[in-house]
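Positions annotated as L-glutamate binding site by TrEMBL: B:R40. The annotation pyridoxal 5'-phosphate binding site is assigned in TrEMBL to B:A75, B:S76, B:W99, B:T147, B:D166, B:Q189, B:N231, B:T232. As annotated by TrEMBL, domain 'Aminotransferase class V' applies to B:5-334. Sequence annotations record features per position, and here TrEMBL assigns N6-(pyridoxal phosphate)lysine to B:K190.
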There are 2 protein chains.
Amino acid sequence: MKRHNFSAGPSILPGSVLQKASEAVINFDNGLSLLEISHRSKPFVDVMENARSLALELLGLEGKGYKALFLQGGASTQFFMVALNMLEKRAGYLNTGTWSDKAIKEAKIYDDVYEVASSKDANYNYIPKGFDIPADYDYFHCTSNNTIFGTQMKEFPNSPIPMICDMSSDIFSRKLDFSKFDLIYAGAQKNMGPAGTTLVIVKEDILGKVSRKIPSMMDYKVQISKGSMFNTPPVFAVYTSMLTLEWLKDLGGIAAIEKENDKKAQLIYSEIDLNPLFKGFSAKPDRSTMNATFTLANEDLKETFETMVKEAGINGLNGHRSVGGYRASMYNALPLDSVGVLVDVMSELERKA
Amino acid sequence: MKRHNFSAGPSILPGSVLQKASEAVINFDNGLSLLEISHRSKPFVDVMENARSLALELLGLEGKGYKALFLQGGASTQFFMVALNMLEKRAGYLNTGTWSDKAIKEAKIYDDVYEVASSKDANYNYIPKGFDIPADYDYFHCTSNNTIFGTQMKEFPNSPIPMICDMSSDIFSRKLDFSKFDLIYAGAQKNMGPAGTTLVIVKEDILGKVSRKIPSMMDYKVQISKGSMFNTPPVFAVYTSMLTLEWLKDLGGIAAIEKENDKKAQLIYSEIDLNPLFKGFSAKPDRSTMNATFTLANEDLKETFETMVKEAGINGLNGHRSVGGYRASMYNALPLDSVGVLVDVMSELERKA
């Protein structure tokens with residue numbers, strides 16, 4: 001049976017990418033596995049350079065003073081690494097959910113953090129707007145997409161200070177003026193590759209302004225000077241990310257995938273709005289194209305619905321415990337067809353009920 | 001042509017492990033790839049738990065107050081993470097080479113570091129002995145095997161303070177009383193798996209004694225409380241490490257592999273000692289069973305030797321620039337046959353010359 005993978009992350013990757021990654025584990029360079037060659041060998045150095053330049057190219061940031069790094073430790077490591085490299089006195093954070101909240105907590109270890117706005121009052125079902133960013137702070141931090149709550153920032157402020165964004169769950173999914181941001185980070189395991197590497201895009205001129213000592217591994221400047229190879233990089237995760245970025249480029253880049261993502265989002269949200277058995281969780285203007293969150297209007301239908309979902313081959317639809325209900329994660333590699341199958345199940349439930 | 005892979009790391013892995021890892025990239029759980037399922041799903045939680053308990057079992061540390069963690073960032077991250085978690089006033093480090101030196105440098109960020117002994121005077125070609133470890137320091141740190149120089153600690157001191165050891169390049173290769181150590185760390189990419197995860201074995205009762213605030217990701221206590229899943233772990237690297245640990249267990253564990261490793265080391269070192277064309281780099285009593293370092297007595301033979309090496313299908317024999325010459329890395333998965341092929345080439349050169 002064909003599986004339809006709505007996992008929130010780690011999540012679906014393109015079939016052709018999985019095929020090539022699987023082959024490289026056996027034979028990548030003249031009979032040797034990708035896993036057993038030196039990361040300083042030309043074949044792997046080429047992979048790393050290609051991955052870094054594809055990331056900048058796809059975001060339209062080539063030649064604009066940005067560097068791309070493939071690091072380790074996930075966005076959770078960036079939560080404190082950003083502050084370690086950038087927080088001297090005070091930073092402003094927009095709190096749009098669990099991940100923003102964790103970023104704030106980790107930054108507070110290093111110095112003062114001020115929440116410019118928060119949607120905690122409504123269990124983060126919307127994105128706060130119209131807030132001020134103090135011009136004398138070190139930086140402003142926001143989270144572009146909130147997987148757990150299914151909200152997404154549609155517009156970004158004109159920040160008077162460096163703007164840093166956690167784009168873990170929607171990077172490479174939609175056109176944005178990425179040059180508005182001074183530092184972007186994203187764990188690979190949604191739109192870019194397998195868990196185990198984190199993309200960091202950073203404008204070099206914002207670095208080197210804090211007075212504290214920074215461990216080499218955590219110092220963006222050191223990582224830049226070593227081309228992401230200060231130590232042995234996570235070769236498999238970087239290679240598979242490179243394959244995924246190549247797949248996206250071949251498809252037509254972000255402009256092309258955005259159209260697909262919009263179709264998928266439109267399909268699921270129309271069903272949520274038209275089908276009286278379901279209620280959307282997030283505020284309409286802030287609905288995420290990546291993660292649609294919804295609940296059953298009548299909990300008595302839970303068992304029936306979940307059996308139907310299972311029988312349709314749908315995987316990973318359970319909502320996060322903070323919201324309950326369901327979450328359809330529709331990352332770049334999820335085909336429109338899979339959303340069609342889910343919507344059919346939802347309509348079928350309405351007919352049955 | 002069969003390849004003989006003497007790479008210093010990332011390095012050779014067992015063929016059966018590569019086969020299973022490759023298959024899991026396509027199909028791990030009912031048609032879904034290992035890379036696209038939730039790390040909180042039962043199949044992956046089982047992998048993580050199995051990997052952690054195999055590590056403790058193979059080291060003979062079960063039920064002795066130790067925890068095993070699979071983290072990210074390599075040994076280079078442990079260099080500062082150890083100090084961040086353990087260094088309150090002063091620590092003692094044994095300096096046996098490049099990696100010890102880096103560990104010292106990173107620890108100094110947090111507080112005072114004292115070198116209990118160093119072999120820098122002889123380009124680290126031996127292991128210092130008979131040094132004192134001050135009883136009032138926070139911990140003592142050493143490096144069990146020095147890949148670059150081809151030296152290995154054969155005995156470990158009875159440390160009056162917690163003993164921490166970087167075993168990146170010889171963990172799981174020889175029987176030791178691992179309970180002498182309070183914290184052991186090792187990047188996976190030599191004897192355990194692919195680059196991208198780091199094994200940390202820590203005795204819980206040494207933690208929680210420093211006054212500084214520690215970022216969650218860098219806090220061993222937090223990682224222990226979350227069973228290595230504070231955030232999304234590097235699933236592929238952990239799974240492949242688990243497969244390698246299973247392979248080692250099936251082979252008879254550390255006792256069995258130690259016999260093989262001793263045979264390989266004996267074979268190469270006898271050739272180095274008997275063949276007048278080669279000179280060993282490291283002091284005989286401290287020779288590593290993992291990395292044999294040697295140079296040509298007569299540099300004029302360089303081209304001939306290297307052509308013969310290439311024609312024999314030998315890969316990764318280049319020495320590190322700090323030592324020059326050659327380095328035969330003979331990690332657990334390298335067959336005795338491969339060492340035989342190298343030794344044949346070395347003898348053949350003698351006959352020819």
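Quick reminder: no glycine exception, Cβ is built from N, Cα and C everywhere.
Quantities reported herein were computed from a predicted structural model and do not represent experimental measurements.
This view paints the features noted in TrEMBL onto the structure.
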{"residue": "B:R40", "record": "L-glutamate binding site", "Cβ neighbours (10 Å)": "11"}
{"residue": "B:A75", "record": "pyridoxal 5'-phosphate binding site", "Cβ neighbours (10 Å)": "26"}
{"residue": "B:S76", "record": "pyridoxal 5'-phosphate binding site", "Cβ neighbours (10 Å)": "22"}
{"residue": "B:W99", "record": "pyridoxal 5'-phosphate binding site", "Cβ neighbours (10 Å)": "21"}
{"residue": "B:T147", "record": "pyridoxal 5'-phosphate binding site", "Cβ neighbours (10 Å)": "25"}
{"residue": "B:D166", "record": "pyridoxal 5'-phosphate binding site", "Cβ neighbours (10 Å)": "27"}
{"residue": "B:Q189", "record": "pyridoxal 5'-phosphate binding site", "Cβ neighbours (10 Å)": "31"}
{"residue": "B:K190", "record": "N6-(pyridoxal phosphate)lysine", "Cβ neighbours (10 Å)": "30"}
{"residue": "B:N231", "record": "pyridoxal 5'-phosphate binding site", "Cβ neighbours (10 Å)": "20"}
{"residue": "B:T232", "record": "pyridoxal 5'-phosphate binding site", "Cβ neighbours (10 Å)": "22"}
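Distance from the CA of B:D166 (pyridoxal 5'-phosphate binding site) to the CA of the residue listed as 'N6-(pyridoxal phosphate)lysine' is 13 Å.
Closeness to chain A is evaluated for the binding-site residues B:W99, B:T147, B:D166, B:N231 by Cβ distance, with values under 8 Å counted; counted residues in sequence order are B:N231.
Mean model confidence for the domain 'Aminotransferase class V' (B:5-334) is a pLDDT of 97. The Cα of B:R40 (L-glutamate binding site) lies closest to that of B:Q189, out of the binding-site residues B:T147, B:D166, B:Q189. The maximal spread of the pyridoxal 5'-phosphate binding site, taken as the longest Cα to Cα distance among B:A75, B:S76, B:W99, B:T147, B:D166, B:Q189, B:N231, B:T232, is 31 Å.
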